[in-house]
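Below are the structure tokens for one structure; questions will follow.
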Amino acid sequence: RYTSTRAFLATLNEMNDYAGQHEVISENMTSLITGELTRYVQELKQERKSHFHDGRKAQQHIETCWKQLEASKRRFERDCKEADRAQQYFEKMDADINVTKADVEKARQQAQLRHQMAEDSKAEYSSTLQKFNSEQHDHYYTHIPNIFQKIQEMEERRIVRIGESMKTFAEVDRQVIPIIGKCLDEITKAAESIDHKNDSQLVIEAFKSGFEPPGDIDFEDFTQPMKRTVSESSLSNSRGDGKSEPKFGSKSKGKLWPFIKKNKLMSLLTSPHQPPPPPPASASPSAVPNGPQSPKQQKEPLSHRFNEFMTSKPKIHCFRSLKRGGAGPEDFSNLPPEQRRKKLQQKVDELNKDIQKEMDQRDALTKMKDVYIKNPQMGDAASVDHRLAELGQNIEKLRLEVQKFEGWLAEVEGRLPTRSEQARRQSGLYEAQNTPAVNSCAQDRESPDGSYTEEQSQETEMKVPATDFDDEFDDEEPLPTIGTCKALYTFEGQNEGTISVAEGEMLYVIEEDKGDGWTRIRRNEDEEGYVPTSYVEVYLDKNAKGA
């Protein structure tokens, strides 16, 4: 219902579409960029491996040529040295007169042979050197540059492909930008649609109580010796039959409950205004360890009514009690008038919907029965009579329920003030218009300070979400326990602010008797109240704060 909630929901929906566009980007990048680049990288690896293999082959070839050149050179050098030695040996032999002519001829032939071998080695070395120079030129000016050129071209293609992938990514992203922009525009539109005034008004309409502000309190003239006459809204109004009536003078205080810390005033606001009852007659004085019963105090009418105005423990302390849930009364009498009217109207609408469903089923079964009667072979008409009877009974029960809730709704709508009545209604007139039956009903649901309450054994059926507003004002803390007590007798707490105890029951003490004959105790977190001091045996904890 609230514009802020609808705007948040719309934002979540747009964020879903926004995330969907990112998924589209991811899918396109996977198929168009990541997959293609993976295949291309594998191709580049194979090509790079091939180029490196060609380079290694060229290097091995030039090294082989170099080794051949070195071998030819060493052979040429060796043959030249041997030719020189053979020549020197021949000259030596030729100069020696003691050597025979045959030895000289042999030396000469050996020298010629070595010279011939040197010439052959020289020719071979020259040929090998020319061949090596040619291979070396081709290696450094043809083969190796070609290999490096191919590697360079491969690297340039890789760089170009990276640029193309980046461009593809930009194109993929650009395709979804209009949709993302539309999502952002919708989010902005949703944010601008929030109407704080409307939301506040919805909260007011949902939780307004329907209580009427109290009228003016009449002036009481205490200078007159005669018995003074007071208005029904006065604080000194007599108790009548002993039952407290709703007082508008205290309703304004009740409306301040969520905004004050109540523990500071709880001792004044919750103490019973009646003197405690005496213990059972069968009890001996020795069985009452707390001393004699507090005497009944006589009070003047004004102070008596003022004490009544300030007492009686409220049962709804804050907004948190509205969110507990649980089984409340069927007529929602624990709720304020406006909330009760809404709940009753909702219940009537639900019952009418249930009646319509039952009637639709009955009409369908009636048509089926007519078909069975006309065509017995399709089914037994008597088989649906039992179900029709059940539906008739259900419809009758639902109609009775509707009448009951409509009666309560009419009662509430008759009691709710209209705008024209608010201007002219005064406190005395409003009190006079309430019938005794209405007052007795309201007493059960209103605390003496005007706020609707709920019974301690039941919870309201309203489910109000926990909010910061609730936590901000619900900052009171429960009173600490100062000891324990044991119930000596059974006490039926029938007045406001009291609590029922059973004989022998152990409870916690949270406030001592302050001279009025009442002790405040606690059973559990939700149940506390006053019992007569003479009905319990108190064991105070000396270390407890406030004991």
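Numbers run from 1 along the shown chain.
Backbone N, Cα and C define each Cβ position, glycine as well.
In case it helps, TrEMBL gives these features for our protein:
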- 1-199: domain 'F-BAR' (DOMAIN)
- 90-121: coiled coil (COILED)
- 228-254: region 'Disordered' (REGION)
- 268-301: region 'Disordered' (REGION)
- 273-282: compositional bias 'Pro residues' (COMPBIAS)
- 321-346: region 'Disordered' (REGION)
- 334-411: domain 'REM-1' (DOMAIN)
- 416-463: region 'Disordered' (REGION)
- 432-442: compositional bias 'Polar residues' (COMPBIAS)
- 480-541: domain 'SH3' (DOMAIN)
Which residue counts does DSSP yield for the domain 'SH3' (480-541) in the helix, strand and coil classes, in that order?
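The domain 'SH3' (480-541) comes out at 3 helix, 29 strand, 30 coil.
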How does the model score the coiled coil (90-121) in terms of mean pLDDT?
88
Would you mind listing the long-range same-chain contacts of the coiled coil (90-121), meaning Cβ under 8 Å and 6+ residues beyond its ends?
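For the coiled coil (90-121), the nonlocal Cβ contacts are 72, 75-76, 78-80, 82-83.
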Per DSSP, what is the residue count of the domain 'REM-1' (334-411) in each of helix, strand and coil?
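DSSP classes over the domain 'REM-1' (334-411) add up to 72 helix, 0 strand, 6 coil.
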